[in-house]
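According to Swiss-Prot, the protein carries these features:
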BINDING   Cys98, Cys100, Cys125, His127  Zn(2+) binding site
BINDING   Lys245  ATP binding site
MOTIF     10-20  motif ''HIGH' region'
MOTIF     242-246  motif ''KMSKS' region'
Amino acid sequence: MSKVKTRFAPSPTGYLHLGNARTAIFSYLFARHNNGGFVLRIEDTDPERSKKEYEEMLIEDLKWLGIDWDEFYRQSERFDIYREYVNKLLESGHAYPCFCTPEELEKEREEARKKGIPYRYSGKCRHLTPEEVEKFKKEGKPFAIRFKVPENRTVVFEDLIKGHIAINTDDFGDFVIVRSDGSPTYNFVVVVDDALMGITHVIRGEDHIPNTPKQILIYEALGFPVPKFAHLPVILGEDRSKLSKRHGAVSVRAYREEGYMPEALFNYLCLLGWSPPEEGREIFSKEELIKIFDLKDVNDSPAVFNKEKLKWMNGVYIREVLPLDVLLERAIPFLEKAGYDTSDREYIKKVLEYTRDSFDTLSEMVDRLRPFFVDEFEIPEELWSFLDDEKAYQVLSAFLEKIREKKPETPQEVKKLAKEIQKALKVKPPQVWKPLRIALTGELEGVGIDILIAVLPKEKIEKRILRVLEKLS
């Protein structure tokens, strides 16, 4: 058997969709698991919809996910190759020029609609004589090129996920392989490219199943070996409809911008439709996935995308999996974008060390860590009622005095100091912690106040407490 080779072939017409990202991941893992080759091919034959900026973002997002490739192609740079193979099909009688106008074709479609039957081309131009073809060309009539589909033939293939699939050619009829503007169509170029690039396994979404018999016929007509096909089940939203924008963020880019970790997204997408051999385990590194991934473990039924599950998994990566230095490097751009001072890396590293278990994404981190970076904040009117009593004033004054003597440097030392103040002033724990939290953060809830006091520089704590004491006195 030849060396395994797979490909991912996105169109640069928008952001990288999560479903397409999963296809890329499965194709990549299958190739790497089998010590095979992986190809990235940009399918940009449609000049109207293909955009260079989308191509650049696709490449960035794939690299961000940790996917690398051995070969790279753009279909727009391969038109000469496609022309050569179109001519081969014309010469062998497997294709013919079609001079039908858009109006004539629309009339055929309308008749099919009236009869309530699926549309298939009538084959009107299939039997034109060479003289008629020549005459129409001389008259300057625009023409497409259609593939001549054998009538009433059942095309059969064994899908590696879906099993036995049989589709009759009468279901689709002769189809266009080159448009009247000279641009080749998807079903044609994909065959030429997959054959010339030596693709052994075509792994893609199940929405491509209707294309497969057409492509098999082209493989046969050109004398190319037919690759194996694996059609992945669709990804659904939690309402069991196809995953789309109405389910919220559906692109890799959106999750990048929300502060998701590439390793977590890669890991989670891999589990959509694939069952790891080790039951009950969900966290896998890319290297582990390469070792254990097999198409035989891909389910036939649709997978449901659960954003909360992804968020949980992302939190696990932030808390337990990623080295602190990696988390630091990824956190910096988010903190900078929020306008926080990031000049003291050691300070930020200490903040993250103590707080990484309190957020699941880096966008959550920005809100969570505000008290570590923002000194000027308003205390809401309704929170002053917690401060405006004698005990709160005494607690804040005692705390200020103590930290001027010696600032606690760990959460444990902060808790010890709070207990001493509680005992000395004969108050309950909330009467110590609540005034401190409000004075230092302007909030009733948030990151552990013992952590904030341990990490925040002494002069910042003094400044925040003094501001409240001055207002209370």
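For all residues, glycine too, the Cβ spot is worked out from N, Cα and C.
On the structure: features taken from Swiss-Prot.
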| residue | record | Cβ neighbours (10 Å) |
| --- | --- | --- |
| Cys98 | Zn(2+) binding site | 22 |
| Cys100 | Zn(2+) binding site | 19 |
| Cys125 | Zn(2+) binding site | 20 |
| His127 | Zn(2+) binding site | 8 |
| Lys245 | ATP binding site | 10 |
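Packing against the motif ''HIGH' region' (10-20) from elsewhere in the chain are residues 42-44, 46, 49-52, 54-55, 57-58, 61-62, 205, 234-235, 243, 250-255, 269, 305: each is 6 or more residues past its ends and has a CB under 8 Å from a CB in it. Residues Tyr96, Pro97, Phe99, Gly123, Lys124, Arg126, Leu128, Arg146 surround the recorded Zn(2+) site, their Cβ atoms falling within 8 Å of the Cβ centroid of Cys98, Cys100, Cys125, His127, which are themselves excluded.
Here the motif ''KMSKS' region' (242-246) has, by DSSP, the following mix of helix, strand and coil residues: 2 helix, 1 strand, 2 coil. Secondary structure by DSSP for the motif ''HIGH' region' (10-20): 3 helix, 1 strand, 7 coil. Here Cys125 (Zn(2+) binding site) is positioned 42 angstrom away from the residue listed as 'ATP binding site', judged by their C-alpha atoms. Secondary structure at Cys125 (Zn(2+) binding site), taken from DSSP and collapsed to helix, strand or coil, is coil.
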